[in-house]
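Peer 1: Quick one: structure below, then a few questions.
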Amino acid sequence: MPALVLLGAQWGDEGKGKATDLLGGSVDYVVRYQGGNNAGHTVVVGDQKYALHLLPSGILSPGCTPVIGNGVVVDPSVLFSELNGLNERGVDTSKLLISGNAHIITPYNVTVDKVTERFLGKRKIGTTGRGIGPTYADKINRVGIRVQDLYDESILTQKVEAALDVKNQILTKLYNRRAIAIDQVVEELLGYADRLAPYVADTVLVLNQALEQEKVVLFEGGQGTLLDIDHGTYPFVTSSNPTAGGACTGAGVGPTKISRVIGILKAYTTRVGSGPFPTELFDEDGEALRRIGGERGVTTGRDRRCGWFDAVIARYATRVNGLTDFFLTKLDVLTGWEEIPVCVAYEIDGKRVEELPYSQSDFHHAKPVYETLPGWSEDITKAKSFSDLPKNAQNYVKALEEMSGAPISAIGVGPGRDETIEINSFL
Ligand code: GDP
Ligand code: IMO
Ligand code: MG
């Protein structure tokens, strides 16, 4: 059954955009199933670099239909500016489909995201400020606005009223801000309806029919396993389920249809925003990883926190996602280190722990237990097969594979589409 999920195995920014784009040429549909424009997915094709936030990375492959599933939150103004940007560069975006059940990020959700973070002060999550959390909160609270609501003015007005009833009280009385005018919001949202209309579809039906016809469907996750609202480092997480199960709920496809789950895994670790990160480095090695790896956020431009590879996290990702494969990215960034430490377990309150602790307090205390692997100095960016890699790089990959619990089926040795070593075919 040709349905694949491709997701982040760490804290996001593992290289999902590149991996999706690589497969995009061979698949019929690429589907985003959660998150929104908090994501920043970079795709490099030849000398062209694209930064995608809301649109599935498959949009750059002409034969592929990009789909925004019901589990995604959509900011229409961001959507249009992303579409305009691609159209100006000659990319055809006319095939895009958007679920009528996807929720809309309204201007007040963006406001609430920003004021809440400010209010939290040093306890802040470090969100992207794009309104993601408040929009999912409205969805769960049953006061969300869906894409389909833009086509019924009376329903839309009632729903905006319901949502703003409580929010305006909070904004004015708690945060000392001005109330948001209902009619202005309704007018702005209605202004998006016509341009959005050609894309709106019953994506659940489309995708299930495609699967019945043996079409190949790729589900592209945003964020990563450790940012998952249920399985991540709560509360320092995003407000959706990037893990594999999210593909089923966020696209309306049953778990029996999913044939392969690919975890994108960086050869070291990064994180943006607040929250625990056991292998984080505060020395020149961390600085070097940031510099060589270009570790700066695609969405917010924030420096990413950097650290060594953490096998405990990789094993956890294998477990909660049922990973069948890993795509190891950015191996080239590690070229030049004489020795490379890899975290194989944690020490928590004097005890060695092999698996990710479920307790938040324990995870905050976790100290990495390192094993050191020999590095390599040869340029690996031209490697086309596993045997082209220097022996120590091969051994590094094999060691990670053994520790992480699923086969490494591809290796990224550079940002470009063709800077990839394919070991086992994904299709
Ligand atoms: P995503 O959010 O998972 O799609 O990842 P980002 O695009 O936020 O960050 C990954 C960065 O690494 C981007 O700048 C990519 O172009 C780059 N990248 C992806 N794979 C590789 C690789 O194998 N080697 C190198 N050097 N860069 C890569
Ligand atoms: P991609 O898809 C890395 C982080 C934010 C913050 C937390 C919550 O490019 O891998 P949110 O705005 O989602 O409520 O913020 O999640 N975060 C990401 N970190 N990559 C991402 O996306 C992220 N999307 C959100 O920094 O810590
Ligand atoms: Mg990113």
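The first residue you see is number 1, and the count goes up from there.
Cβ coordinates are placed from backbone N, Cα and C, and glycine is handled just like the others.
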Peer 1: Quick check on the annotation: TrEMBL has D13, E14, G15, K16, N38, A39, G40, H41, T128, R142, T238, R302 binding IMP, so which of Q158, Q213, Q223 does it put in that site too?
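Peer 2: Candidate listed by TrEMBL for the same site: Q223.
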Peer 1: Quick one: among the binding-site residues N38, T42, T300, which has the most Cβ atoms sitting within 10 Å of its own Cβ?
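Peer 2: Output for this query is N38.
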Peer 1: Determine the binding-site residues, out of K18, T128, T299, T300, G301, lying near ligand 1 in the sense that the CB is under 6 Å from one of its atoms, and give them in sequence order.
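Peer 2: Among the binding-site residues listed, those whose Cβ sits under 6 Å from ligand 1 are K18.
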Peer 1: What binding-site residues in D13, G40, V298, T299, G301, L331 place CB under 6 Å from ligand 3?
Peer 2: D13, G40, V298
Peer 1: Looking at the recorded positions N38, H41, T128, G301, which ones sit with their CA no more than 10 Å from the CA of G15 (GTP binding site)?
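Peer 2: H41, listed in sequence order.
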Peer 1: From the Cα of N38 (IMP binding site) across to the Cα of L331 (GTP binding site), what is the distance in angstrom?
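Peer 2: A Cα-Cα distance of 25 Å.
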Peer 1: Around D303 (substrate binding site), which residues of its chain at least 6 apart sit with Cβ under 8 Å of its Cβ?
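Peer 2: When sequence neighbours closer than 6 are ignored, D303 (substrate binding site) has R290, E295, R296, G297 within Cβ distance under 8 Å.
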Peer 1: Among the binding-site residues D13, N38, T128, Q223, D303, name every one whose Cβ is found under 6 angstroms from ligand 2, counting any of its atoms.
Peer 2: D13, N38, T128, Q223
